[in-house]
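Enquirer: My questions will all concern the structure given below.
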Amino acid sequence: MLVVNIKSRQYVILLFGLYIMTVLFLSCVDIELLFSGGLIIFQPLIDVSHNLIPLTTIKTYLFNFHSYNFDIWFYNTVGNILLFIPMGALLPILLTKIKKFFFPTVTIIVFFSLTVETVQYASKLGVFDVDDITLNILGGFIGFLIFILFKNWKKSFN
């Protein structure tokens, strides 16, 4: 078990809180506008197409990546994975009292990703895409693997 002292745990809780706020913020703004230096406006999207069919968006971006600007392609595929890596790595640290923390970690990642997508749908500040949930779970799993590798690496020095 990875032992985290109280002071370090407080930092992890603070870091996790900032991370959650960042994810929620990035999920409700126009990323293209944000990175181009434009004003951040929480403006509802009109006439958007939500994706409820698994792997549709992923296949589209995978097989037709040349039809999209790199930043659009990257944000919608790799970006969704990268966004949830910290959650997969930080949750097991916060769940140290639970001996088997894989399923609680996955459950929280699925629930949070579904919540973000539902908020985007309900607020019209984003597009509900079931493939985002799939990519978010993949990112969380990668983060969890990073946590396990770090834990095993740390054990090898003790």
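Even glycines carry a Cβ here, placed using N, Cα and C.
Okay, so TrEMBL annotates it like this:
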{"type": "TRANSMEM", "residues": "12-42", "note": "transmembrane segment"}
{"type": "DOMAIN", "residues": "29-150", "note": "domain 'VanZ-like'"}
{"type": "TRANSMEM", "residues": "72-94", "note": "transmembrane segment"}
{"type": "TRANSMEM", "residues": "101-121", "note": "transmembrane segment"}
{"type": "TRANSMEM", "residues": "133-150", "note": "transmembrane segment"}
Enquirer: What is the number of residues in the domain 'VanZ-like' (29-150) that are helix, strand and coil, as DSSP sees it?
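Expert: So the counts come to 84 helix, 2 strand, 36 coil.
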Enquirer: On the 0 to 100 scale, where does the mean pLDDT of the domain 'VanZ-like' (29-150) fall?
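Expert: For the domain 'VanZ-like' (29-150), the model's average pLDDT rounds to 89.
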